[in-house]
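Beneath this line is the structure, given in structure tokens, with notes to follow.
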Amino acid sequence: MDFLLLGLCLYWLLRRPSGVVLCLLGACFQMLPAAPSGCPQLCRCEGRLLYCEALNPTEAPHNLSGLLGLSLRYNSLSELRAGQFTGLMQLTWLYLDHNHICSVQGDAFQKLRRVKELTLSSNQITQLPNTTFRPMPNLRSVDLSYNKLQALAPDLFHGLRKLTTLHMRANAIQFVPVRIFQDCRSLKFLDIGYNQLKSLARNSFAGLFKLTELHLEHNDLVKVNFAHFPRLISLHSLCLRRNKVAIVVSSLDWVWNLKKMDLSGNEIEYMEPHVFETVPHLQSLQLDSNRLTYIEPRILNSWKSLTSITLAGNLWDCGRNVCALASWLSNFQGRYDGNLQCASPEYAQGEDVLDAVYAFHLCEDGAEPTSGHLLSAVTNRSDLGPPASSATTLADGGEGQHDGTFEPATVALPGGEHAENAVQIHKVVTGTMALIFSFLIVVLVLYVSWKCFPASLRQLRQCFVTQRRKQKQKQTMHQMAAMSAQEYYVDYKPNHIEGALVIINEYGSCTCHQQPARECEV
């Protein structure tokens with residue numbers, strides 16, 4: 001057909017000038033892709049996009065040339081055979097997730113050169129041949145998550161130079177082959193989380209110069225060596241949460257631009273002092289829920305760019321080794337979790353680290369004070385927010401110069417007892433001044449009253465004098481009454497001597513003489 005059209009074009013060009021137009025129109029029609037022959041029953045068609053979802057077909061539809069997109073989600077496909085999609089040469093995306101696919105042959109995606117997005121997630125795939133993705137060099141996104149992959153073929157991703165996103169989450173992968181991503185020069189996002197990785201090879205991620213985000217969380221890694229991530233110059237986020245990491249080391253001296261690192265939920269007990277010097281631009285660090293008891297001063301000095309850190313849930317030893325961390329926290333101006341509790345010794349268990357440092361005077365040393373404002377940081381910091389920032393005086397034991405580093409020796413609290421004495425003196429002075437001020441106010445009121453209302457003052461004074469006299473008279477009368485009652489009850493001696501009778505009243509006594517009685521005879 002092509003040769004016939006070419007012959008007609010040449011004939012018309014030679015015979016008539018109008019043949020040029022016809023030739024061009026024919027070439028244009030030849031370049032247009034063929035339209036699909038028809039929409040399969042029970043499927044949904046949107047132009048050149050076909051959706052055959054949740055229909056339970058056992059194989060892919062045929063004779064659908066010209067399709068740009070095909071979705072076969074939520075079906076019962078169990079196998080992808082060689083050449084199964086041969087007639088779909090115009091296809092740009094293919095969704096095969098949520099099926100029962102357990103076997104994929106090496107030539108299953110033959111002639112799908114234009115496919116940019118392939119989704120195979122939520123199936124039962126156990127392995128993929130080396131040649132699986134070879135017919136699709138234009139792939140940008142591949143999703144293999146939630147399958148049963150146990151191993152990756154060494155050349156599985158060979159030739160995928162345009163791949164930018166790769167998902168392999170929630171499989172059973174135990175090892176990442178060396179240089180498996182060597183050709184993935186455009187890869188920016190890689191997720192291998194929720195697998196069974198126990199170790200990493202030094203060159204497992206070689207060639208990923210544009211990688212910005214790497215997920216390795218929920219694996220079985222027991223050691224993290226920053227040398228396993230060489231020359232990842234564009235990496236900004238590294239997630240290693242919920243592994244079994246016990247130590248963090250760096251056996252390769254090089255600098256990378258990492259800005260966010262998540263090491264939470266591990267079993268970290270030791271970190272090399274120089275390990276964070278290779279990431280000078282680190283801004284966010286999660287170290288919560290580990291087994292750290294203290295942090296080396298050299299590590300603290302390397303955290304110069306941090307704006308957020310989590311340290312809760314560790315086994316902090318609130319002895320002398322915690323002083324460097326307490327001093328660093330008191331001067332940290334970023335965000336950190338405030339729930340740092342002491343795990344030892346016994347007398348400090350359950351106490352907040354900074355509160356324990358202040359309450360138990362753990363870091364007092366008058367010789368080399370390294371933080372003059374730790375007291376204010378402890379008393380003024382919020383529970384969940386960052387501590388109060390203040391100017392800090394740093395002492396260098398070697399040369400006596402201030403270079404902005406924390407020495408491992410001690411953290412002094414020079415304001416401890418002196419601050420308490422100053423507070424007491426301040427209270428005494430304030431109370432004395434208040435009394436003097438009150439006395440002066442009373443004197444001022446009396447003076448103003450004496451000047452403005454002299455008659456009222458004289459009447460008031462007379463009332464005071466009169467009231468005082470009445471009180472004295474009442475006191476005298478009560479005393480006399482008490483004396484009379486005492487004589488009546490105490491000195492009275494009953495006798496039958498006829499004589500004078502004494503009558504006592506309130507104002508004095510009267511004497512009455514009684515004459516003896518006489519008997520008369522009748």
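Every residue, even glycine, has its Cβ placed from backbone N, Cα and C.
Taken verbatim from Swiss-Prot:
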type	residues	note
SIGNAL	1-34	signal peptide
DOMAIN	35-63	domain 'LRRNT'
CARBOHYD	Asn63	N-linked glycosylation site
REPEAT	64-87	repeat 'LRR 1'
REPEAT	89-111	repeat 'LRR 2'
REPEAT	112-135	repeat 'LRR 3'
CARBOHYD	Asn130	N-linked glycosylation site
REPEAT	137-159	repeat 'LRR 4'
REPEAT	161-183	repeat 'LRR 5'
REPEAT	184-207	repeat 'LRR 6'
REPEAT	209-231	repeat 'LRR 7'
REPEAT	233-255	repeat 'LRR 8'
REPEAT	256-278	repeat 'LRR 9'
REPEAT	279-302	repeat 'LRR 10'
DOMAIN	314-365	domain 'LRRCT'
CARBOHYD	Asn380	N-linked glycosylation site
REGION	382-401	region 'Disordered'
TRANSMEM	428-448	transmembrane segment
TOPO_DOM	449-522	topological domain 'Cytoplasmic'
Item to complete: Go ahead and report the DSSP secondary structure tallies for the repeat 'LRR 9' (256-278): helix first, then strand, then coil.
Response: 4 helix, 5 strand, 14 coil
Practice prompt. Tell me the Cβ contacts of Asn130 (N-linked glycosylation site) under 8 Å, same chain only and six or more apart in sequence, or just say none.
Written response: Gly106, Ala153, Pro154, Asp155, Leu156, His158
Item to complete: Please list, for the domain 'LRRCT' (314-365), how many residues fall into helix, strand and coil according to DSSP.
Response: 22 helix, 9 strand, 21 coil
Worksheet item: When you scan the chain for residues with a C-beta under 8 Å from the repeat 'LRR 4' (137-159), skipping those not six or more beyond its ends, what do you find?
Response: 97, 113-130, 165-178, 180-184, 191
Fill in: Tertiary contacts of the repeat 'LRR 2' (89-111) (same chain, 6+ residues out, Cβ under 8 Å)
33, 48, 65-83, 117-126, 128-133, 135-136, 143
Practice prompt. Sort the residues of the repeat 'LRR 4' (137-159) into helix, strand and coil with DSSP and give the three counts.
Written response: 0 helix, 3 strand, 20 coil
Worksheet item: Going along the chain, which residues at least six beyond the ends of the repeat 'LRR 6' (184-207) come within the CB cut-off of under 8 Å?
Response: 145, 157, 160-178, 213-223, 225, 227-232, 234, 239
Practice prompt. Count the residues of the repeat 'LRR 2' (89-111) that DSSP assigns to helix (H, G, I), to strand (E, B) and to coil, and report the three numbers in that order.
Written response: 0 helix, 5 strand, 18 coil
Practice prompt. Could you tell me what the rest of the chain brings near the repeat 'LRR 3' (112-135), counting residues at least six beyond its ends with Cβ under 8 Å?
Written response: 85, 88-106, 141-160, 167
Worksheet item: Does DSSP put Asn130 (N-linked glycosylation site) in a helix, in a strand, or in coil?
Response: coil
